[in-house]
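What TrEMBL says about this protein:
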type	residues	note
TRANSMEM	B:20-44	transmembrane segment
TRANSMEM	B:64-84	transmembrane segment
TRANSMEM	B:96-112	transmembrane segment
TRANSMEM	B:118-139	transmembrane segment
TRANSMEM	B:148-168	transmembrane segment
TRANSMEM	B:197-214	transmembrane segment
TRANSMEM	B:234-267	transmembrane segment
TRANSMEM	B:279-301	transmembrane segment
TRANSMEM	B:307-325	transmembrane segment
Amino acid sequence: MAEPPVRTPANNNEGPPSATGPTGAQPRSRAITRVPAPAGRGSGPFATPKHRRRYWFAFGALALAALFFAGALLWYGNPMPVDDPAFWLIAERRATSVFVMLVVAICQGLATVAFQTVTNNRILTPSIMGFESLYMVIQTGTLFFFGATALIGFRGLWQFSLQVALMMALALLLYTWLLSGRFANLQIMLLVGIIIGGGLGSVSTFMQRLLTPSDFDLLTARMFGSVNNADPSTFPVAIPIVVVAAALLVLRSRRLNAIALGRDIAVNLGISHKRELIINLTLISALMAVSTSLVGPLTFLGFLVATLAYQLAPTYDHRYVFPMAALTGFVVLTGAYFIMNHVFYAQGVVGIIIELVGGLAFLVVILKRGRL
Amino acid sequence: MTTTADRSRSRSQTAPPRRFDWTLLLAVLGVAGLLALSLVTGVYDIAGADDGAEMFGITRVPRTIALVLAGAAMAMSGLVMQLLTQNRFVEPSTTGTTEWAGLGLLAALVLFPSSSILVKMACAVVAAFFGTMVFFAFLRRVSVRSSLIVPIVGIMLGAVVSSISTFFALQTDMLQNLGVWFAGSFTSVIKGQYEVLWVVAVVAVAVFVLADRLTVAGLGEDVATNVGLNYRRIMLIGTGLVAIATGVVTVVVGNLPFLGLIVPNVVSMFRGDNLRSNLPWVCLLGIAIVTACDLLGRVIIMPFEVPVSLILGVLGAAVFIVLLLRKRRYG
């Protein structure tokens with residue numbers, strides 16, 4: 001397959017072949033007319049060299065922003081001088097937060113892009129599939145049945161693993177049940193997931209209603225995604241899962257590229273569509289389960305990140321969209337936390353503000369796009 | 001009895017079913033029985049205590065009236081929305097209408113904390129109307145390839161709106177209050193608190209009057225315009241009726257999830273799609289389901305109560321999934 005740099009020098013220097021002439025202004029049609037072009041190896045990930053330059057420019061700019069915000073989060077406002085040992089204690093604590101942001105960015109970015117490809121729909125986000133409702137039921141139920149001390153204690157490695165396992169089990173149950181057999185239908189599976197989430201939501205709303213206000217305050221901290229919820233002792237489980245699932249998703253990029261063309265074309269190209277669907281959804285649910293268990297529900301972060309990544313990466317190739325999405329997620333998270341912590345002093349509500357921005361972006365996008 | 005059954009069978013083959021027949025009468029009797037049961041169920045000893053009759057008038061009667069009004073209104077709202085969007089999976093809680101009503105209510109609670117229930121209701125109704133129009137505008141602008149995407153988008157729209165509500169509730173320290181307002185429950189329905197609910201009776205009458213026009217609108221804009229219907233006006237009126245019903249019920253009772261979805265679907269499963277003759281059935285079934293769920297909630301952990309929204313949420317989710325799987329099988 002064509003690697004990104006594989007372009008004949010003639011193409012790079014002269015721009016699009018003159019054969020495309022009048023339609024040259026539209027990148028898509030140009031990609032199609034390029035097929036007999038001198039390169040002879042199909043159309044690459046970018047329609048034109050200009051698009052490739054744009055991609056790498058955006059990628060570089062984001063990387064710089066990521067470095068800037070991450071460094072700023074680590075050093076800015078540290079009360080101790082650099083040579084003091086206490087400085088490193090504080091920096092280490094902050095480094096953990098930045099690391100959690102990286103993990104969440106990878107989880108949400110990759111999972112959402114892959115989910116939108118698999119469902120062939122760019123306005124969905126995997127977190128509506130009941131993960132968050134399950135998380136809320138687990139947290140609320142712990143508080144409701146076992147009291148405040150149990151909820152505070154519900155943070156260790158085993159509890160985390162249990163929570164991830166439950167979420168994965170729910171997801172796998174849905175996929176294997178609803179995506180197999182003669183009547184498999186992806187959209188019905190999605191709706192069933194959402195509806196199960198709605199039912200679970202009623203249960204946790206009911207339990208919340210009976211909590212004392214002080215217990216409820218305790219729960220409020222867990223109800224919204226925040227990197228402060230993350231517990232470093234869960235990293236030994238969380239990080240291997242994320243690394244493996246993310247790596248597998250990236251390795252499957254080419255198959256995802258085929259799936260993005262729609263079921264019929266994908267099958268025509270030799271993809272076992274249903275099998276790919278189940279594999280990808282399993283990886284996606286692993287990433288979402290880790291992210292939700294680690295920091296709490298973040299409904300619209302994934303949507304925001306994926307939408308931005310599509311704008312910044314002028315290509316349909318997942319090998320390029322995936323890194324862009326993860327990087328965008330990291331910049332959004334670090335930027336939001338830096339600005340909220342050090343400019344607006346609104347520490348507690350960063351997750352909610354990201355959600356609000358993401359939600360508003362969702363509204364704008366669905367009204368601007370003429371199709372689904 | 002057998003002759004009645006025979007006649008109704010033969011009639012269903014030749015002419016559309018008449019609006020009133022014996023089965024409907026039986027259903028009315030059944031619902032009346034449920035309502036009577038609702039009147040006598042409760043912790044307080046109505047018959048024994050001295051002020052029993054007084055308590056009966058203060059709590060039981062208003063509660064039962066509220067069950068009738070809210071159940072019928074939400075079931076009919078679901079039916080009207082399904083007609084207007086030509087989609088069987090649409091109802092106020094899968095289009096974000098309920099969440100918009102909640103946002104309006106919250107705005108009223110924050111901006112005019114001491115206002116009367118009428119002001120709060122007006123805010124909720126206006127917000128519900130606006131939100132429903134946003135959803136419809138979205139449906140008009142966006143070409144949807146599959147009917148199943150519509151509720152998914154609606155639910156996500158609702159999630160956006162409720163995240164806005166949550167944000168403001170958190171800022172104003174009303175998060176738990178908000179949960180209590182939203183969770184549909186008839187516990188707080190007592191004399192002096194529920195009377196505004198009678199507004200939805202007007203909505204119900206209006207839906208009965210407009211039934212034929214709504215049916216025609218449900219055939220789509222082109223057909224409706226072709227047979228001389230002012231499509232845009234009937235859309236606006238329909239949306240307005242749904243918004244009023246949803247807004248009022250949200251303020252007085254709270255969220256009744258899935259009710260508007262299940263009832264019209266179940267009725268049309270058994271009776272086909274003639275709106276005029278189905279309307280009484282939709283009302284009755286809506287009342288029956290809400291009353292049954294409320295009764296269950298009242299007796300399940302006596303002397304405490306489970307809110308009706310919990311039972312409706314769990315039960316409704318199960319029924320919805322069954323409906324979806326049926327669609328999966330039969331297309």
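Positions of Cβ are set from backbone N, Cα and C atoms, glycine also.
No curator has checked TrEMBL annotations; they are predicted automatically.
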Inset, instruction - With pairs restricted to those 6 or more apart in sequence, evaluate whether the transmembrane segment (B:234-267) and the transmembrane segment (B:20-44) have 3+ C-beta pairs under 8 Å. - result: no
Legend entry - For the transmembrane segment (B:64-84): best-contacting stretch of B:118-139, B:148-168, B:197-214, by Cβ pairs under 8 Å: B:197-214
Inset, instruction - Kindly say whether the transmembrane segment (B:96-112) and the transmembrane segment (B:148-168) touch, using the definition of 3 or more Cβ pairs under 8 Å where each pair is 6 or more positions apart. - result: yes
Legend entry - Spatial neighbours of the transmembrane segment (B:279-301) far in sequence, C-beta under 8 Å, 6+ residues away: 19-20, 24, 27-28, 30-31, 34-35, 37-38, 41-42, 63-64, 67-68, 70-76, 79, 185-186, 204, 207-208, 211, 256, 259, 262-264, 266-267, 271, 307-308, 310-312, 315
Legend entry - Distant-in-sequence neighbours of the transmembrane segment (B:197-214), which means Cβ under 8 A and at least six residues beyond its ends: 65-66, 69-70, 72-73, 76, 79-80, 83-84, 121, 229, 234, 237-238, 241, 244-245, 248-249, 252-253, 275-276, 279, 283
